[in-house]
Structures are given as C-alpha cells and as structure tokens.
Amino acid sequence: MLLSILYVIGITAEAMTGALSAGRKEMDWFGVMLVASATAIGGGTVRDILLGHYPLTWVANPEYLAITCLAGLLTTGLAHWVIKFKGVFIRLDTIGLIAFSIIGTKVALNLGLHPSICMVSALVTGVFGGLLRDLICRQTPLVLHKELYASVAFAASGLYLVLLAFEISEPVATIVTLVSGYLLRMSAVRFGWHLPSFHLESDDPLH
Amino acid sequence: MLLSILYVIGITAEAMTGALSAGRKEMDWFGVMLVASATAIGGGTVRDILLGHYPLTWVANPEYLAITCLAGLLTTGLAHWVIKFKGVFIRLDTIGLIAFSIIGTKVALNLGLHPSICMVSALVTGVFGGLLRDLICRQTPLVLHKELYASVAFAASGLYLVLLAFEISEPVATIVTLVSGYLLRMSAVRFGWHLPSFHLESDDPLH
Amino acid sequence: MLLSILYVIGITAEAMTGALSAGRKEMDWFGVMLVASATAIGGGTVRDILLGHYPLTWVANPEYLAITCLAGLLTTGLAHWVIKFKGVFIRLDTIGLIAFSIIGTKVALNLGLHPSICMVSALVTGVFGGLLRDLICRQTPLVLHKELYASVAFAASGLYLVLLAFEISEPVATIVTLVSGYLLRMSAVRFGWHLPSFHLESDDPLH
C-alpha cells in the first residue's frame, strides 16, 4: 500500500522529467506522452520483458499509463513551475528511484531468482526509464555519468535483501530502505559523490 | 484476407522507406536489410513483446521477413524511382499505417485486453517501426514531430473499436476504418495539420 | 563443452570492446559495466526475447553477468594493453562471433523453427550486442558498415545447418564451422572484403 503510493509519486515525477526532455527537442504532444511514459514505466517494462514476467504492469493496469500521459501533458503548461521547484523534483525523483528499486527486487524475489539477479532487477527498474528517455531524445545517457544514481538503486536493493534475510518484516524493511536510500542519494547530490569514470582518448582502437 | 493483402503492401512500403534511410547513412546491404525489416515489422514485434504474444509473426511466417529484406535490397537499385513517385509512397505508407493499426487492435482484442490498451497496441504497431528506424539511423525520430501520424493510428483504432461495439461486422468495420483513416492522414499531409508541440529552451533544468 | 569455453572467451572479448567504447564516452564504472554486458550478452538477450525463450541465459546463470562486469572493469585498468594487442582481440572477437552464431542456431533449432529463422537467430546473437553498444554510446552502428561481420555470422549458421543436414555429428560440425568462419572473417579483415553499400545523397525524400 505504502509502496503503491510511492510508485505513483515516482512515475509522476519521472514522467515530468521525461516531458521536459521532450520539450527541449520540440516534440509534439504525442512525443511528450511517449517520452514521459517511457521514462516513467520503461524501466519496469524492460525488467518484466527480461524476466518474462507477464502481463506488464501497465497492460494489466492501464490507469498507470493514463497517469504518465497526463503528467507529461500537464508539464507542457507547468514547465517553468517545474524548473523553479527543481529541488522538490529531485526529492520526488529520489523517492521514486528507491520505490522502483524495492518493487524490482520484490518482482524478482517472487519469481524465485538469485539475489544478484534481484539486485539487477532493481537496477533495471530504477535506471532504464531514464536510459530510454535519453535514447529517444538523442541525449548522451545521463545515468551513465551522473552522481550516484544506479549505485543507489543497487545498494537499496542489497540493503532490502539483507533486511529480509534477517527476518525483518516487509513494511519495516521497506521504510528502512527508503530512508537510507533517500539519505544516500541526497548526500551524493549535495556533496557531488560519484563513481570513478573511465576516460579513453585513443581513436578507434578495435574497429 | 483483405487485411493480409494490405499488411503486405504496408510492410513493403515501410521497408522501402527504411532502406532509403539506410542509404542516407551509407550502410551496407546487411544494414539496408536490417533497417528495412526493423521499419516494416519492428512495430508489430515490439507490440508482441509488450503483450507477451508469441510466436512473433515473422518467426512463424519467415516469408514476411523475406519480403522486407527483398524490398530493402530492391530499393538500393530503385531509389531514384522511389523518390520520384514520392506521392504514391505516402499513399501506400498511409494504407499500411491503417492496416497496422487495425491489426494491432485485433491482436490486443483477442488477448482480452482493455480498449485503451487495444488503442495503445494499434499505436505501437503503427509507429514503433519508424521509431526503430530513426534510432538505428541516428535521426531525430520523425514520428515525434511530423504531421498527424501517431494520432491517425490512435484514432483509427478508436473508430474500429466503436464500430465493433455497435455490432458492425468486421469486414465493414475494417473498410470504414481504412477509408476514414486514409482521408484523415491525407488531409493532415495536404493541409499540414499537426499536434501542438512543446518547446522548452531552458538549459538542463533537472540534471 | 567446447562451445561453453568458446562462449566464455567470446563474452569476455566482447565485454572488453564494450568497455573501450564506454571509456571513449567518459562513462563511470556503472556505465562501463552496463555497456560491457550489453555488448557481450545483449545479442543473446535480444534473440531470446524475440523467440520467447525464457529464462534468459544470464538470469539462469548470473555468473555470466559477473564475468562481463568484471571484464569491463578490468579493461579500465588494462586499456592500453588491450589496444596494444589489438590483433589478439580481433581473433578472440572472431572466435566469439562464430561461437555466438552456432549457439544462436542451436537455440532456434531446439525450438523447432524454420532454418531461415535459425540463421536469423544466429545473426541476432552475433550482431545485436555490438548494435546495442553503439546505440547506448551514440556511435553510428559499426556493424552496419564494417567488413564482413554480420555476413560471417549468417554464413557460419548456414554451413552448420548444412553439415547437420548431412548427418555430420554435432562436435565435428561445430569445429568445421568454427574453422571455416574464422578463416572467412580473418580473410575479410586482411583483404578488406565488404558487402556493397548503398549511398543516397538526396535530402529527405519521404519525410
């Protein structure tokens, strides 16, 4: 129940970031709805396809798709307001990321998969929406450069699995994971924490 | 039967537009066949993966894949002819779009899905081939900017569903949808109708 | 057994080429592991999704994913060594390509599919990993321009099918295909063999 509310918050915030990307590419309303929906529910869709977990969430519950399309369209009118309250959106986006991560972990757990695959499932759920957004909008995928983002999804999933392994009840594990993940991500944003990156300047070595 | 003929016309026309895009990127024959096939049968493939509808059409009927590869290769020789008869191709492409839309609607209907998902299924069938073409060829996805295209697929699907709901027979519903969708799309091309678009000039608000 | 060893060699070599591409885009470690894994096991993943062949190899055997992530990360430290021994990597990459091709053929054969679809399955297994790498890294897909690459996967699969049709035992067919495919690809690299390509200079004919 808590997770459902957080999921709706998450897809709404993600849909709005998707719509802003579409706006920077001067897309039409259909493009806005497509990019908004791909950003918000693309991660869960890729996860379910990879795991063979049918029917997809939004096919069984079309109302989620309606929410993301609507959030995208509203953003076309509210863009300047969204940009002004940037800080709020980073917070909502972070809550969404952790919620997506926990949901991804649970889906893989329920399919009886190995813990490492549960963590990959969390990662895909949290990260691939933004990756799809950047592919469609032809931006360099931000998620591959930014402060801790994918790592937060991965760590949150690991923490959740450890808590369950210690027989902590699911609601408590969910709340502890949410709070810890939120603090980790917001600290990463504030202090500019990021993974080391790999720079290679040589031209075309293998091709 | 009518729908099968229109489907073959549609994949042939779509494969040819895909081959032209590959040619502008100076791809080799394999690239031409890949882009032609992705354009022509990519939409139905994405739809079937999203809906968990196996086996895919071209896996069960490899002759469709042969048609798209062949149409792609023929285009390398006939490119100037294709470009000269541009108007004919826009018409064939439109017929294909409506046929894809009706087929997408029927696939989802047969799976017992919600009408809104049937319309999304039509949209994906009609539009995602062109989207894949533009992703592979690294073009800004045209379908997100162009005159009414996705909207025509969506509207055609809605009309078809309404006609069936009024217990119109399938062949009649198909023909009415085809004619209406064709007229809507050709009017959009002629009069430059398009959805409003969303322009956002600010730099990088959320990232 | 032989094929398993060759598969591991193949995914390791492919993961390293993926990591080099990620390094040229200055991605962080997560990006490196993502691109390495997509390059190495993306082809098999796309194949299994297209054929509805679940569970995916790396979901059932997470150790393969660990290998590709590790190979990717090691490449960040060994990049100059990798580039220096470029010739070795082209050889390993070629062995991987033929192994992927044979594995793709066998997967489709075991599903009872048409020989032409078995060859397409080989092609997808061999080629789509590199295509995903180039899409994520926003490079023009090399596989659509390069000396015989996709064609080698296709030809190897065809040869393997013909050998099986003549009731040659599987291990012998595997070895003959490997040697022939290896020689074909290395000749193509040495002599610059490539498919004809399709150049089209006209602007925007259909859109």
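Note that Cβ sites are derived from N, Cα and C of the backbone, with glycine treated the same way.
Where the annotation comes from TrEMBL, it is an automatic prediction and has not been curated.
The structure displayed is predicted, hence computed values, not measured ones.
Copied over from TrEMBL, here are the features:
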DOMAIN    C:5-78  domain 'Glycine transporter'
TRANSMEM  C:64-83  transmembrane segment
DOMAIN    C:92-163  domain 'Glycine transporter'
TRANSMEM  C:119-136  transmembrane segment
TRANSMEM  C:148-166  transmembrane segment
TRANSMEM  C:172-193  transmembrane segment
Mean pLDDT across the domain 'Glycine transporter' (C:5-78), rounded to an integer, is what?
94
Residue counts for the domain 'Glycine transporter' (C:5-78) under DSSP, helix then strand then coil, are 64 helix, 1 strand, 9 coil
In the same chain, which residue numbers or ranges, 6 or more beyond the ends of the transmembrane segment (C:148-166), come under 8 angstroms Cβ to Cβ?
94, 97-98, 100-102, 104-105, 109, 115, 118-119, 121-123, 125-127, 130, 172-174, 176-177, 180-181, 184-185, 188, 193-195
Per DSSP, what is the residue count of the domain 'Glycine transporter' (C:92-163) in each of helix, strand and coil?
58 helix, 0 strand, 14 coil
